[in-house]
Amino acid sequence: MRDLFAPWGLDVPERALREMTLDSRIAAAGDLFVAVVGHQTDGRRYIPQAIAQGVAAIVAEADGVAPDVSVAEIHGVPVIYLRNLNQHLSTLAGQFYHQPGAALRLVGVTGTNGKTTTTQLLAQWSQALGETSAVMGTVGNGLLGQVIPTENTTGSAVDIQHLLRNLVDQGATFAAMEVSSHGLIQDRVAALSFAAVVFTNLSRDHLDYHGNMTSYEAAKWLLFSTHQSEHKIINADDDVGRRWLSQLPQAVAVSMAGNVPKGWNGPWLSANKVIYHDNGASIAFDSSWGEGELESRLMGAFNVSNLLVALATLLVQGYPMAQLLAAAPHLQPVCGRMEVFNAPGKPTVVVDYAHTPDALEKALAAARLHCTGKLWCVFGCGGDRDKGKRPLMGGIAEQLADCVVVTDDNPRSEEPQAIVADILSGLLDAGRVQAIHGRAEAVTSAIMQAKEDDVVLIAGKGHEDYQLVGNRRLDYSDRVTVARLLGGQA
């Protein structure tokens, strides 16, 4: 324990520490309990409980209760008080778990959309070239093929270092991590050293937390301005990305639409030609590393963008282009992200996690590229979240799909009828839309009505296998519902 707090010049008693935890419910004998002041609760209230459970020591937020950097004792248990503990947590946890991030190649990916697919592509692609790869993010954490589901995109600063330590101990040599704006603002990845950091795009999301787009952009920018990274990869097709490139002359500029800045002197990768077909896309590109052609099984223009960004990220780190291109056709779409389900004589069904106006627009545009018949859209909006996006999403569905079915998503504590009414308020002609509250019923209805050459996009839940109604968590999966209707397995 002395080594852990040596940077603060504190004289603390020597104790052997077993684990480091923020959760008093699981704190046990020999642990270091961390008492931070969070958004919802003050962890210092749980110090007595942690002591009762036999923790070896406590580190707590000093603000308002103790001198800025000080040591006290409660019932024989040393309590180290540090001011702004949240800001130091990543460093402390890194020390505690012996700097696991330095033992593997760590890539951080941020942006509103595309984080999950890009991290999965990076992990799959690097593993195909001999790495033992892991992912950390929305779908879960763990080695590829052994991913355990998670609650938050970016865990606490302690969780992240602990997880990295476990991954290194399991043999991981490469990890691709989704980095959320919440995680950046709360310093959860502050002490990590990234081999590369990636920006996908920025659009309306999490405004219930950030308040406005300026704050949201500033949160994302932290990964490129205040965090340590060897390489920076920026999507130049995004307005914010292009603006950032002017401040990042050494970054890799990536575009699928000819948006690499004129006179760009840094590394770059740009698509020349993209052909969409039933089974994915063929992409011809040019770059600082030479030209090539990429065959992909993923759907939609934004997945072309995700692929190019992932490719550039691996090229700039020295992975050989020929091997990357040979592995590309074997890359799999992410579970519940533009995931395609087919059956003879049935419509093509695409399950996607799109739950923002921008993501829904992109998902519909993507499905349209591969659609020869009518395009159907089944979606809803979550309760107790940004209400401003509901009419926007209704308008987008009406504009871009031929047939729309509005249904429930995760209503939470709100009345499902009120959420649907908000969505319908954004339509020019609500009479063109079917509203079916039961989600399984809505999905079934759309698939039964659709013809063989139609495409049915089911948006909003993606990989989720539950539905939040009131305070209940019900078993429900779009993927399982679709697979049953098409006579297959999800």
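Yeah, the Cβs are placed from backbone N, Cα and C, and that goes for glycine too.
Here is what Swiss-Prot records for this protein:
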BINDING   Gly111, Thr112, Asn113, Gly114, Lys115, Thr116, Thr117  ATP binding site
BINDING   Arg385, Asp409, Asn410, Pro411, Arg412, Gly460, Glu464  meso-2,6-diaminopimelate binding site
MOD_RES   Lys220  N6-carboxylysine
MOTIF     409-412  motif 'Meso-diaminopimelate recognition motif'
Next on the checklist: Below 8 angstroms Cβ to Cβ, which residues of this chain, lying six or more residues outside the motif 'Meso-diaminopimelate recognition motif' (409-412), approach it?
Outcome noted: 355, 379-385, 419, 439, 460-461, 467-470
Item to check | Of Arg385, Asp409, Arg412, Gly460, Glu464, i.e. the binding-site residues, those within 10 Å of Gly111 (ATP binding site) when Cα atoms are compared | outcome: none
Checklist outcome for this item: Residues lining the ATP site besides Gly111, Thr112, Asn113, Gly114, Lys115, Thr116, Thr117 (CB within 8 A of their CB center) are Val109, Thr118, Glu178, Thr200, Asn201, Asn306
Next on the checklist: Tell me the Cα distance separating Asn410 (meso-2,6-diaminopimelate binding site) from Gly114 (ATP binding site), rounded to the nearest angstrom.
Outcome noted: 22
Item to check | Recorded meso-2,6-diaminopimelate site residues Arg385, Asp409, Asn410, Pro411, Arg412, Gly460, Glu464, farthest C-alpha pair in Å | outcome: 17
Checklist entry - Of Thr112, Lys115, Thr116, Pro411, which binding-site residues are close to the residue listed as 'N6-carboxylysine', meaning a Cα within 10 Å of its Cα? => result Thr112
Checklist entry - Which of the three DSSP states, helix, strand or coil, fits Arg412 (meso-2,6-diaminopimelate binding site)? => result strand
Item to check | Nearest of the binding-site residues (Asn410, Pro411, Arg412, Gly460, Glu464) to Asn113 (ATP binding site), judged by Cα-Cα distance | outcome: Gly460
Item to check | Integer Å distance between the CA atoms belonging to Thr117 (ATP binding site) and Asn410 (meso-2,6-diaminopimelate binding site) | outcome: 23
Checklist entry - What is the total of other Cβ atoms whose distance to the Cβ of Gly111 (ATP binding site) is within 10 Å? => result 27
Checklist entry - Which state, by DSSP, holds Gly460 (meso-2,6-diaminopimelate binding site): helix, strand or coil? => result coil
Item to check | Alpha-carbon spacing, Thr117 (ATP binding site) to Glu464 (meso-2,6-diaminopimelate binding site), which is rounded to whole Å | outcome: 15
